[in-house]
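A quick write-up on the structure given underneath.
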Amino acid sequence: MVHLVGSLRKELADSVSSCRVLVVGAGGIGCELLKNLVLTGFKNIEVIDLDTIDVSNLNRQFLFQKKHVGKSKAEVAKESVLQFCPSANITAYHDSIMNPDYNVEFFRKFVLVMNALDNRAARNHVNRMCLSADIPLIESGTAGYLGQVTVIKKGQTECYECQPKPTQKTFPGCTIRNTPSEPIHCIVWAKYLFNQLFGEEDADQEVSPDQADPEARWDSAEAAAKASASEQDGDIKRVSTKDWARSTGYDPVKLFNKLFKDDIRYLLTMDKLWKKRKAPMPLDWEELLQQASPSEAVSVSGLKDQQVFGVQGYAQMFSSSVKTLREDLQQKGDGAELVWDKDDPPAMDFVTAAANLRMHIFSMNMKSRFDVKSMAGNIIPAIATTNAIIAGLIVLEGLKILSGQMDKCRTIFLNKQPNPRKKLLVPCALDPPSSNCYVCASRPEVTVRLNVHKTTVLSLQDKILKERFGMVAPDVQIEDGKGTILISSEEGETEANNNKVLSDFGIRNGSRLQSDDFLQDYTLQLNLLHSEELEKDVEFEVVGEVPEKGPAPAAEDGKSIANGNKDSAQPSTSSKVPVEEDDDDDVLILDSDEEPSSSSAMNVSTEGGSAQKRKLADAETGESSAKRKRLDKPTASEQDDDDDIIALD
């Protein structure tokens, strides 16, 4: 007779109560996950999160209240979860998981690691640490109504980095508000600004500088004092952006100077942000008017929508669009709101102008109206129910691992709409490790094409090793028979090399470099190919990566842009989950009776009844993965068994 403890077998219940688990992230998924873990019977939990609680978190991160604003997410989550189970042993860290203190030995303390993260760099890092420590990792993510969970185990499954991923298309709020580095960051900010000024205000779409940016500063005593300053409302009384704009009569000049001068000057006071970044340059309305006329600012000829204006031109466009939108509001009456529409010329002009002015401030190449319109797709909302479903699935996969049933673990996709078998949750077999993976292969190796006469040592370190290959503190040695040290992780040791080009060290076509990251216990061999024929603005290429060749979107807004919240639209485990859209052009609908492998290509049902193959897109990035084999078709009895899925009648 099976002895049960609650709903679990006694042996499993004993394992659950005695094992030590690590939860990385205490945001949308993390809050739900911590609650699930203690209610399931997990007693020894450690949670780490660098972030502090913002008012915009309160609508879905239910462990937090107004009085907690400004406090550490990890610390507050711990205290809240203990109310569910006071006997639990929970340790909270207000810190970055990429801190060298959390090394391989730290990870080896755990039986299981569960990710609830919002950015790829941290996901890459935890993936490598778990591989080095040989600890199972459960990855997860959500984007609107979509989500996924998967299991990663060294030598048995694909790791997080087995499938190459294009540029990330979801961004934390502090990136949008404080440190934009790509045009898309500025476009998302401009759309938020439109809603804050003219549309429905949303706390998730704040555009002012983020004073709680954990990278800028964090003082626990100061944050606690600030949070307790008003126990009644958490000291979160704010002046509405819209109310302020109304008080100025929507004066374009005052709006301009506030957004592009005063706010930028405030950002400059957060000096820690600019130690390794180029600082932004504030704009002043009067100074711009004196510099040049708008007609002199057109940089290219051609169709109007494809022209890129100078900063003066976009300043004038900003002013005229604000005046037009102000009139539209006045015509609608008191309390009216405008809805942003890419086909509404004043609204599109406003976003184009505001985005380009911000690009200029942060030293980016500005974009044409056509480019901005094509990039300004749907912003994915954060949905608490999606987070709750995914958190539940994480625990279920964790129970399989603790039961010694790795063979029963699956990648599980949560879709917006049911497939023909009425399933919203679709389990897929885990894929084996990729033999070409530059992380989990037995001898990780990549070939990089670059210009050795132009690429600097600093670019090699920051853009190639850290940004592209996810290293934290690389040490690089030239395989030249002398063991020349090109880059050292010891501060100041090789700093004199930073601005020298690779050819200064005898590096040429065919040279080999060995890069070691001792924190990650990771070694990568780089084979360098010299080329003087790289495309414009391309500094390097990873040889062998196949460009994405998914079908062209059916409409201009086929591309999706996730919002800038910390946890919303921030999955995902790999290149496997579709990105949510208003329409279903790029929404994955699984319509096969077969259970596919987790990164195989699926058919997407169309309204006309026809189907075309689409690659699974990552809910974090909108990217697609390579096609893979499907599993054999399930039996009829398996098809009728819906115990493990949610069905819609």
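The first residue you see is number 1, and the count goes up from there.
Heads up, the Cβ atoms here are built off N, Cα and C, so glycines get one too.
Remember, TrEMBL labels are computer predictions, not curated facts.
Feature annotations, reproduced from TrEMBL:
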{"type": "DOMAIN", "residues": "9-414", "note": "domain 'THIF-type NAD/FAD binding fold'"}
{"type": "BINDING", "residues": "CYS159, CYS162, CYS437, CYS440", "note": "Zn(2+) binding site"}
{"type": "CROSSLNK", "residues": "LYS165", "note": "SUMO1 cross-link"}
{"type": "CROSSLNK", "residues": "LYS191", "note": "SUMO cross-link"}
{"type": "CROSSLNK", "residues": "LYS237", "note": "SUMO1 cross-link"}
{"type": "CROSSLNK", "residues": "LYS258", "note": "SUMO cross-link"}
{"type": "CROSSLNK", "residues": "LYS416", "note": "SUMO1 cross-link"}
{"type": "DOMAIN", "residues": "448-535", "note": "domain 'Ubiquitin/SUMO-activating enzyme ubiquitin-like'"}
{"type": "CROSSLNK", "residues": "LYS627", "note": "SUMO cross-link"}
Subject >> the domain 'Ubiquitin/SUMO-activating enzyme ubiquitin-like' (448-535): DSSP-derived helix, strand, coil residue counts >> reply: 19 helix, 28 strand, 41 coil
Original post:
In the structure shown, which of the binding-site residues CYS159, CYS162, CYS437, CYS440 has the fewest other Cβ atoms within 10 Å?
Top reply: CYS437
Original post:
Within 10 Å of the Cβ of LYS165 (SUMO1 cross-link), how many other Cβ atoms are there?
Top reply: 20
Subject >> Proximal residue to CYS440 (Zn(2+) binding site) among recorded sites LYS165, LYS191, LYS258, LYS416 (C-alpha distance) >> reply: LYS165
Subject >> Among LYS191, LYS258, LYS416, which are recorded sites, the residue with the most C-beta atoms within 10 angstroms of its C-beta >> reply: LYS191
**OP:** Quick one: of the recorded sites LYS165, LYS191, LYS258, LYS416, which has its CA closest to the CA of CYS437 (Zn(2+) binding site)?
**Re:** LYS165
Subject >> Additional residues surrounding Zn(2+), by Cβ distance to the CYS159, CYS162, CYS437, CYS440 centre under 8 Å >> reply: LEU131, GLU158, TYR160, GLU161, PRO433, SER434, TYR438, VAL439, ALA441
**OP:** Looking only at C-alpha atoms, tell me how far LYS258 (SUMO cross-link) is from LYS191 (SUMO cross-link), rounded to the nearest Å.
**Re:** 17
